[in-house]
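Below is one structure, written out as C-alpha cells; the observations come after it.
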Amino acid sequence: MTSKKLVNSVAGCADDALAGLVACNPSLQLLQGHRVALRSDLDSLKGRVALLSGGGSGHEPAHAGFIGKGMLTGVIAGAVFTSPAVGSILAAIRAVAQAGTVGTLLIVKNYTGDRLNFGLAREQARAEGIPVEMVVVGDDSAFTVLKKAGRRGLCGTVLIHKVAGALAEAGVGLEEITDRVSVVAKAMGTLGVSLSSCSVPGSKPTFELAADEVELGLGIHGEAGVRRIKMAPADEIVALMLDHMTSSSNASHVPVQPGSSVVLMVNNLGGLSFLELGIIADAAVRSLEGRGVKIARALVGTFMSALEMPGISLTLLLVDEPLLKLIDAETTASAWPNMAKVWVTGRKRSRAAPTEPLAAPDSTAAAGAASKQTVLVLERVCTTLLGLEEHLNALDRAAGDGDCGSTHSRAARAIQGWLKEGPPPASPAQLLSKLSFLLLEKMGGSSGALYGLFLTAAAQPLKAKTDLPAWSAAMDAGLAAMQKYGKAAPGDRTMLDSLWAAGQELQAWRSPGANLLQILTKAVKSAEAAAEATKNMEAGAGRASYISSARLDQPDPGAVAAAAILRAILEVLQSQGV
C-alpha cells in the first residue's frame with residue numbers, strides 16, 4: 001500500500017514544491033523551462049564566482065533553501081530522489097555566466113547520478129569556454145570499510161555551501177574556493193539513524209523495521225544503513241553514533257579527538273518531532289563535551305531531510321578560527337539558522353533560581369497550640385484524601401483521565417513530607433501561602449493550579465486579621481480567584497460547586513457573635529449536598545464539558561474531594577472543642 005501524500009500529482013510534485021518556495025520568496029526566481037531556482041539579484045554578482053548545487057527533490061530545505069547572499073547562487077532540482085537533468089544543469093551554468101560571473105563552482109553530493117550529470121554538464125560548459133569547477137562532497141561516516149563508490153554525500157554538504165558562499169561573497173577566486181572547500185570537506189563526517197523508512201510519493205516505504213529496531217548509518221534516499229540496532233534511550237543511541245563516526249578503526253571516520261573544536265549539526269531527517277530533536281541535541285552536546293571535545297557552534301533543525309523519515313543525522317566539522325569566521329559570515333539564505341556566533345562549550349547554561357521573598361516573622365510561637373491544631377487538621381485532611389484515592393479515580397474515569405484521586409493523593413503525600421520537616425507557620429496567611437506553593441509544585445494538573453489559586457487569594461485577607469469575618473472574606477477571595485482564572489461558575493459540575501455552597505454558609509461568620517462550629521457544620525453539609533447534586537448537572541467547564549451529559553451519572557470527583565476536605569477540617573475542630 002502506498003503512503004498518503006499531499007500532492008497534486010506524483011509526476012509534478014517536485015515542480016510544484018520548488019514553485020511554492022519561489023512564490024513565497026521574492027529573492028528567488030525560476031529559470032524558464034527548467035527546474036532551476038536562482039537568486040533574483042543575479043546581475044549583482046558580476047565579477048564574482050557563482051555557486052550551483054542541487055540533486056534530487058525530497059531533501060527540503062536543501063537545496064533551494066540555501067540560495068542567498070553568502071551561500072548558493074542557484075540550485076538544480078531533480079525529481080524526488082533523482083539526479084537533475086544535464087540540460088537543466090547546463091542551463092543554470094549558462095545563466096550565471098551570462099549574468100557576468102567569473103566562474104562557477106558545482107557543489108555535488110557523492111552519488112553516481114549526481115556525479116555523472118553534473119560532471120557531463122561541466123564538461124559541456126567548459127567546451128563552451130565557461131570556467132567551471134566541481135567539488136564532490138562525501139561526508140558519510142557509516143562504512144567501516146570504504147567501497148569504490150566512496151563516502152555518500154549527506155547533510156555536511158550544507159556546511160560546504162556555507163563556507164564556499166562566504167568565500168565567494170568575499171571575492172575569492174574560483175580556483176582558491178575549490179581548493180579550500182575541498183580541504184574542508186575532508187574534515188567532517190555525518191552519520192544518520194532512523195526509527196523507520198520514508199516513502200517516495202506514489203510508492204511504498206523503502207524498507208521495513210521491527211518495532212524494537214532502528215537503522216544506523218542510512219543514506220538520505222531511504223536506502224538501508226550499515227546495521228540495525230535495538231531501540232534504546234536517546235543518550236545511548238547518540239553515544240553509539242559518536243563512537244561509530246569517530247572511531248579510528250572506521251575507515252570513514254572523522255578524526256575528532258579530545259581537545260578538538262567542532263561545529264555540530266543536528267539534522268532532522270524529516271519526520272522527527274521537535275521534542276525528540278531537542279533531546280538528541282542535548283545528548284550530543286553532553287556526550288561530546290564528556291569526551292573533551294569543544295563545540296564551537298551547534299546547528300539544530302531540518303537542513304537536509306529524506307521526505308518524512310523519522311530520524312536524525314549528526315555532522316561534525318573540525319574547525320579553527322579562520323574557518324569559524326566563514327561559518328559565521330552573514331547570509332540571506334532562508335534555511336540557514338540564526339545561530340549565536342559564540343562558543344557553545346564554556347557557556348553558563350543555567351541561572352540561579354530567584355530567591356523567595358522573606359516571610360514576615362511569625363507572631364505566634366511555632367510550638368504553640370495553634371500550630372499543633374494546624375498539624376492535626378492537615379494530617380486528617382491527608383489521611384482522608386489518601387483513603388479516597390481509588391474512589392476519586394473511579395469517579396474521574398467517567399469524565400476525565402481517571403487520575404483525580406492520584407492527584408489528590410500526590411498532594412497529601414507532599415503535605416505529609418512537608419510536615420515532617422518542621423512545624424508549619426502559625427500565621428494563617430503564611431500557612432495558606434506555603435500550602436499554595438507546595439500544591440502548585442507537587443500536586444500538578446488543573447486541580448493543583450486551582451487549589452494554589454484559591455489558597456494564594458485566601459491568604460490575603462488574613463494578613464491583617466484572623467477573626468471569623470476575615471476567614472469568611474478569605475473564602476470569598478479564594479472562590480473569586482478560582483472563578484476568574486478557572487472560568488467555572490456554580491452549577492458547572494466542578495469542585496467549585498462544593499466550595500461555593502460552603503462559602504455561602506460561611507457568610508454568617510460576618511455577623512456579631514457568630515458560632516464557628518455551628519456555621520462550619522452547616523457549611524460542610526451544604527458542600528456535601530452540592531457535591532452529590534453534581535451528578536445531575538451538565539458539565540459546563542473542565543474536561544468533563546466535552547463528554548455527553550448522558551454518560552455522567554456520578555458526582556464530580558473534584559467536588560467530592562473538596563467536600564471531604566471540609567469534613568476533615570470540621571471533625572478535627574470538633575474533637576478539639578473549638
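Placed from the backbone N, Cα and C atoms, the Cβ positions cover glycine too.
Keep in mind that this is a model prediction, so the values were computed, not measured.
Straight from TrEMBL, the features:
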- His221: active site, tele-hemiaminal-histidine intermediate (ACT_SITE)
- Gly56, Ser57, Gly58, His59, Lys109, Asp114: substrate binding site (BINDING)
- 9-336: domain 'DhaK' (DOMAIN)
- 372-571: domain 'DhaL' (DOMAIN)
Cα distance (Å, whole number) from Gly58 (substrate binding site) to the residue listed as 'active site, tele-hemiaminal-histidine intermediate': 8
In the chain carrying Gly58 (substrate binding site), residues 6 or more apart in sequence that have Cβ under 8 angstroms from it: Ala14, Val80, Phe81, Cys198, Val200, His221, Ser305, Ala306, Leu307
Shell of the substrate site beyond Gly56, Ser57, Gly58, His59, Lys109, Asp114, same chain only (C-beta within 8 angstroms of their C-beta centre): Gly54, Gly55, Ala62, His63, Ala77, Gly78, Val80, Phe81, Thr82, Ser83, Ile220, His221
